[in-house]
Amino acid sequence: MKTLTFYLIRHGKTEWNEKRLLQGNGDSPLTQEGIEGAKRTAKALSNIDFTAAYSSVLPRAISTANMILAHKTTPLICHAGLNELCFGSWEGQAIEELSCLPEYRQMRDQPAQYLGLTNGGETYQQLATRAMGVIEQIIQRYDTGNILIVSHGHTLRMLLALFHGATWQTHREKSTSLANTSISVVHYLQTENETGRFVLEKVNDIQHLTDPFDEE
């Protein structure tokens, strides 16, 4: 029998988030707001004992994860399978300007048709395969426990939609955008001779970002 609880966290707000620049596999430092959001998330999860902690290999996710784990002994495992969707030549460009491009609008609104041809980017099918591959590895490795995952907007949105029964083709219509340092909680349950299932407890929870906060 397996009973796992996944805590899925989007990284803290970055300079490129603030400037509305597309990040993907590019990166920029956390802003002060992003740092505070990570600290608030750490406080919100302070009573959770993590069996394992994973993040993407991108610095913004690692920084966020390290702040969440600052007062815990759980080692951080960095996995490229949790990286953000790669946008190729679009990375670092203004989202407002990219919105004028037909293929960008296709990426945003028609996942099944988006092939990343003009930008040399990754497809949603590739994202779904690698991200779910990490989840499957975790499920194989652990029978019980709490698993921290710090990742990215498109990646977590894909995972949450797949957990809820969507396909990679339909995931955007079956999911919502996630705020920086939001918390989503998903349970994985599997009994003997039964296919495992995911149960969503909460998605995009930001209550901890608005509560009164004292670092001490």
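Quick reminder: no glycine exception, Cβ is built from N, Cα and C everywhere.
Per TrEMBL, these features apply:
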ACT_SITE  His11  active site, tele-phosphohistidine intermediate
ACT_SITE  Glu84  active site, proton donor/acceptor
BINDING   Arg10, His11, Gly12, Lys13, Thr14, Glu15, Trp16, Asn17, Arg60  substrate binding site
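For Arg60 (substrate binding site) paired with the residue listed as 'active site, tele-phosphohistidine intermediate', the C-alpha to C-alpha distance reads 6 Å.
Other than Arg10, His11, Gly12, Lys13, Thr14, Glu15, Trp16, Asn17, Arg60, the residues of this chain whose Cβ falls within 8 Å of the Cβ centroid of the substrate site are, in sequence order, Glu18, Gln23, Ser28, Leu30, Thr31, Gly34, Asn180. Secondary structure at His11 (active site, tele-phosphohistidine intermediate), as computed by DSSP, is coil.
Cα separation, Trp16 (substrate binding site) to the residue listed as 'active site, proton donor/acceptor', rounded: 14 Å. Cβ environment of Gly12 (substrate binding site): Leu30, Thr31, Glu33, Gly34, Ile35, Gly37, Ala38, Arg60, Ser63, Thr64, Met67, Asn180, Thr181 lie under 8 Å away, each six or more residues apart in the same chain.
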